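Read through the structure below, which is laid out as structure tokens, and then see the notes.
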Amino acid sequence: MALRITVIGTGYLGATHAACMAELGFEVLGLDIDPDKIAMLTAGRVPMYEPGLAELLVKHVPGHEGSSGRLRFTTSWEEVAEFGDVHFICVNTPQKAGEFAADMSHVDAALTALAPHLSRPALVVGKSTVPVGSAARLAERLAALAPAGEQVELAWNPEFLREGFAVGDTLHPDRLVVGVRSERAEELLREVYATPVAQGVPFVVTDFATAELVKAAANSFLATKISFINAMAEVCETAGADVVQLSKALSYDERIGGKFLNAGLGFGGGCLPKDIRAFMARAGELGADQALTFLREVDSINMRRRSRMVELAREQCGGGFLGRRVAVLGAAFKPNSDDIRDSPALNVAGQIQLQGAQVTVYDPKAMDNARKMFPALAYADSALEAAQGAHVVLHLTEWQEFREMDPEALGSVVSERRILDGRNVLDPVAWRAAGWTYRALGRPS
Ligand code: UDX
């Protein structure tokens, strides 16, 4: 009989994983402790903006025309334990308040709630991003709590999906990494991922600690690459050089590559910033803090980009923000997402407003989230409306809609034609030709 899969935690990672497992042909039961989320997903609606995910839900949740009926949701731990052969834990591990370390309380709570109901053979698979050593600790707890004893096992299978590409990244990942302690666990995971593996996706089998570290290392590398090019942007600014051309020239070297080499306002979101901090904290606990001191610098370079953007905006406003109108284009931490967690755009908007400017924000998808988190900022329904009477326009999240903006149309509503491109994607020639003062991070004025 085909494996039956459960997914615990139906946030970004869990909702996507559950829908993709159903797409791969498995019977899937998703669990969340939030009944509102379960009601929404059962109705085939996604609690966040993620291209392609709603379509996949409707395709598999029962009650929708032509649906496979393979994907259901519940809030019952008993039901999940009874149903599943493989249980994926997909709850979040946010940064602890006031500390660098990861908050493991959701993962711990999920395992503690599930384990006492596991009275038949099962594999519990952690997908959450956790400090190295967590899987070994959780395996002990599972063994102590599960009535089925040794017939219940743990594995670790980190997730590398990017928001905005979550469905594609889950169905066709760059690689699958599984940390296991037995052949049986490996075989079960090979069965779960048979389709992508048959399509050529590399399947890396390793121990718990290595699997946990692959995720921490991958995010650290990506963050470092972004901060490296942003450090070059700082040097370019002082030397009168152009970081966009520099990055392009570097990218032709195959050893370097062009991806994640876009200079600008730096990284944000629910993963990279908190994951590099949690990694530093964990290395400190293990006595390996010196190995990761460079990540402190990666973090500071990243945060400095936000201050530099505020400074440039102040300059463009004539040295002070009082009485000045500033339009901010973008609120999401990156395009194709409505996620505003640690959003560089909103951080800059907030700082500028605190310094006395009248700030109006527009984002194609993240307005509701932004309004809830930053109620003191003003919001507009379009880029044109946000730019009404602005002394400077800040382009801070590179939505396609902003890339396609007509400099003439925007110029007709602003008070002064000044634009700061925080993502280095607008064409300086076109904007300058339309009479705009165009400035960007790491490029000559
Ligand atoms: C990231 C990792 O890519 C993913 O593998 C991991 O599972 C979770 O964290 P995500 O947070 O969705 O995914 O966003 P990503 O596309 O990686 O972008 C992260 C941030 O870096 C964004 O704020 C983006 O604007 C910024 N970025 C990215 C740059 O500033 N420059 C670049 O060249 C690339």
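Heads up, the Cβ atoms here are built off N, Cα and C, so glycines get one too.
Under the DSSP three-state reduction, THR129 (NAD(+) binding site) is assigned to coil, being neither helix nor strand. The annotation NAD(+) binding site is assigned in TrEMBL to ASP32, LYS37, THR93, THR129, GLU163, LYS274, ARG341.
Note: LYS215 (substrate binding site) has non-local neighbours THR129, PRO158, GLU159, PHE160, VAL177, ASP275, i.e. same-chain residues 6+ apart with C-beta under 8 A of its own C-beta. Annotation note: LYS215 (substrate binding site) sits in a helical segment as assigned by DSSP. The feature substrate binding site is assigned by TrEMBL to PHE160, LEU161, ARG162, GLU163, LYS215, PHE260, LEU261, ASN262, ALA263, GLY264, GLY268, LYS334.
Annotation comment: TrEMBL describes CYS271 as active site, nucleophile. CYS271 (active site, nucleophile) falls within neither a helix nor a strand when secondary structure is assigned with DSSP, and so counts as coil. Using a 10 Å radius centred on the Cβ of CYS271 (active site, nucleophile) and all shown protein chains, the other Cβ atoms total 26.
Among the features that TrEMBL reports, domain 'UDP-glucose/GDP-mannose dehydrogenase C-terminal' is placed at 327-428. Counting residue by residue with DSSP, the domain 'UDP-glucose/GDP-mannose dehydrogenase C-terminal' (327-428) contains 32 helix, 18 strand, 52 coil.
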Listed binding-site residues adjacent to ligand 1, that is, members of THR129, LYS215, LYS274, ARG341 whose C-beta is under 6 A away: none
Closest of ASP32, LYS37, ARG341 to ARG162 (substrate binding site), Cα positions, binding-site residues only: ARG341
DSSP-derived class (H/G/I helix, E/B strand, else coil) of LYS37 (NAD(+) binding site): helix
Most distant Cα pair in Å, residues ASP32, LYS37, THR93, THR129, GLU163, LYS274, ARG341 binding NAD(+): 24
Distant-in-sequence Cβ neighbours of THR93 (NAD(+) binding site), under 8 Å, six or more positions away: ALA102, ASP103, MET104, HIS106, VAL107, SER128, THR129, VAL130, ALA278
Taken over the domain 'UDP-glucose/GDP-mannose dehydrogenase C-terminal' (327-428), the model's mean pLDDT: 97
Candidate with sparsest Cβ neighbourhood (10 Å radius) among LYS37, ARG162, LYS274, the listed binding-site residues: ARG162
